[in-house]
Amino acid sequence: MTTFLSFLLNGLSLGSLYALIALGFVIIYKASEILNFAHGAFLLLGAYVIARVEPSVGFAAAVAIGIAVTALVALASEQILFSRVRSAHVASLTIMTLGLDVLITTDLTRRIGSSVMSLGQPWGADVVRLGGVNISENRLTAIGVAFVLIGLLFAAFRFTSWGVALRAAAEDPEAAALMGIRQARVGAVAWLIAGGLAAVAAVFLTGSPTPGLEPNLRTIAFAAFPAAILGGLDSTTGALAGGLIVGVAESLFAGYSSDLTFLGGGFSVVVPYVVMMLVLVVRPAGLFGTKELHRV
Amino acid sequence: MELDVSGLQVTYAGVIRALRDIDLRVGTGEIVAVLGSNGAGKTTLLRAITGSLKRHRARVDKGQVTFGGRSLVDAHPADVVNRGVVLVPEGRRVFGRLSVEENLKAGAISVRSRATRAERREKVYGMFPRLAERSGQRAALLSGGEQQMLAIGRALMSGPRLLLLDEPSLGLAPQIVTHIGEVLRQINREGTSVMLVEQNAAMALGVADNGYVLELGRVELSGPAAELAASDDIASLYLGRGHADGTDREAPGKPGGPGGPGSGVGGSGSPGGPKAGTAAQQPTLSRWTPPPRGRFGLLGAGAVTGAGRP
Ligand SMILES: Nc1ncnc2c1ncn2[C@@H]1O[C@H](COP(=O)(O)OP(=O)(O)OP(=O)(O)O)[C@@H](O)[C@H]1O
Ligand SMILES: [Mg+2]
């Protein structure tokens, strides 16, 4: 039982990080109709910047710098690449994001090399006991931080002018423009926020029990894509639910893998995709999605 | 502040000429009705005014659109709103997944002051109590009439000096259409000019000061609304009144009118009814008004001036 709870708690933690990434992916999609496959690269960038500046400025400042740089790079890529070619086909734009992903990832992989960089998280590898369940302090902090940020984002979505404008423009861009909503501005803010969230997720994804920053961080972050899609791609609630489902499922399958050898080793890696496919077969628009994905 | 459209020519995708040589004016404090059948170019005219042509791959080839003396051609839609011109689009286009209140908030996006937003919202709720009752409900769940109220209320949130409406009566019950007419009068009394695009000529000419009739992308007829409403042509074509003794006024010399046949406007359907007499000059009209034998020229009603300004 306690092992189950432990797997569950770790899964929730992983899931809340996936949710942070998936939320960024979803708000970019809602604001710009672009599937941003460079999101994993943004994450890698955030982690790299933090790891590089941490020794000289300390952890807190490093995180702030990492968030700022990643947010600005996300904004810049939107401004330089995507907002100019609005008229291009959605598929072309998506491929462009893949190109950007390869570009950033290749460069960072070269810089990181074969080393494992540390982001210098002050909580290190400490483990907390919570009602008989062991969890790394890193994973526990992740849950707290992620849920605070997600709460703030949901509030912004609901109550701020930006949130209303984004939802209006996502539903009917022409009518939104006729009401004076500037989609370009709404989109720019969305890319900024998404970039910042990716950097935050990077802090925790590179912490214990993960040894540190390695280039494969990007592939870990990839699990957030099926999370976003199974949640419904254009739904923030869906991104949250999808992230948690994928995180918990992955953690449970990894935890019980010794009992599930008939599935083959490393099945947990494909779990996010299997869950996504199962959900989409039953609900093609995803759990909370309103649009079928035919536009992509 | 007045809206001035002069010599306006608009082309879609570089080939489909939807408007040609349109002259039209909405004076300060006026209500102006723009009538025309399907494909006449009414929506295109509104797109030209609101900066929405680009989105539809159309552009202004010639002519001018000015509001308060400044050009609106190629302006961003949001800038047009900031200048005080806002559109209630065809088909209402409320944000169905947003609540009524959020729709109003979306309409007020150009308004900085929170106090002004709240004040306008209360005014809209005062004008449409139904919306106040349903403020938390998703707009998609409103009835058609309520959605039209919301679309109008949403547009009013920006505090427009000129309110444009694209067929607000479409698909609504007669009482609701009457109500919308009253609401527009009230909005106008409070100082907003109104340009009302309609196929429902009875309502539109009932509330308007002046009117224009668009056919095949041209102004076919214009004049004071009362005179247009009294003219036999409008009566027979738009008000559904009979064509009593139409025969004795058979084709009173429409001298190869400007909007000749096949003037390059595409896609609006071909004449469905029998072609007789001057029928070919008004192909779109024949689609929805069964042509009475031999007569449907628009011109000829004495009191009304020909194409051009009132
Ligand atoms: N996006 C577009 N691309 C190409 N042609 C268009 C487009 N929109 C309108 N048109 C053409 O322009 C002409 C005028 O259309 P418009 O929509 O302005 O007419 P309308 O008077 O608003 O008609 P309705 O009463 O049906 O709304 C039509 O011939 C139409 O086919
Ligand atoms: Mg129209």
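Just so it is clear, glycine is given a Cβ too, placed from its N, Cα and C backbone atoms.
Predicted automatically and left uncurated, TrEMBL annotations should be read as such.
Marked as transmembrane segment by TrEMBL: A:6-27 (among others).
According to TrEMBL, the transmembrane segment annotation covers A:34-51 (among others). With a threshold of 8 Å between CB atoms, the same-chain residues lying at least 6 positions outside the transmembrane segment (A:34-51) that come near it are 21, 24-25, 28, 62-63, 65-67, 69-70, 73-74, 77, 82, 90, 93-94, 97-98, 100-101, 103-105, 108, 111-112, 117-120, 194-195, 198-203, 205-206, 212-213, 215, 217-219, 221-222, 224-225, 296.
TrEMBL lists A:57-76 (among others) with the feature transmembrane segment.
Annotation comment: TrEMBL describes A:140-157 (among others) as transmembrane segment.
Taken from TrEMBL, the feature transmembrane segment covers A:188-208 (among others).
Marked as transmembrane segment by TrEMBL: A:220-248 (among others). With a cut-off of 8 Å between Cβ atoms, the residues of this chain six or more beyond the transmembrane segment (A:220-248) that come close are 8, 11-23, 25-27, 29-30, 37, 39-40, 43-44, 150, 153-154, 157, 170, 198, 201, 205, 271-273, 275-276, 279-280, 285-291, 293.
According to TrEMBL, the transmembrane segment annotation covers A:260-282 (among others).
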So what's near the transmembrane segment (A:260-282) in sequence-distant terms, Cβ-Cβ under 8 Å and 6+ beyond its ends? 223, 226-227, 229-230, 245-246, 249-251, 253-254
In terms of Cβ proximity under 8 Å, which residues at least six beyond the ends of the transmembrane segment (A:188-208) contact it? 13, 17, 20-21, 23-25, 27-28, 30-32, 36, 39, 42-47, 49-51, 63, 66-75, 77-79, 83, 119, 121, 123-127, 136-139, 141-142, 145-146, 149, 153, 162, 166, 217, 220-221
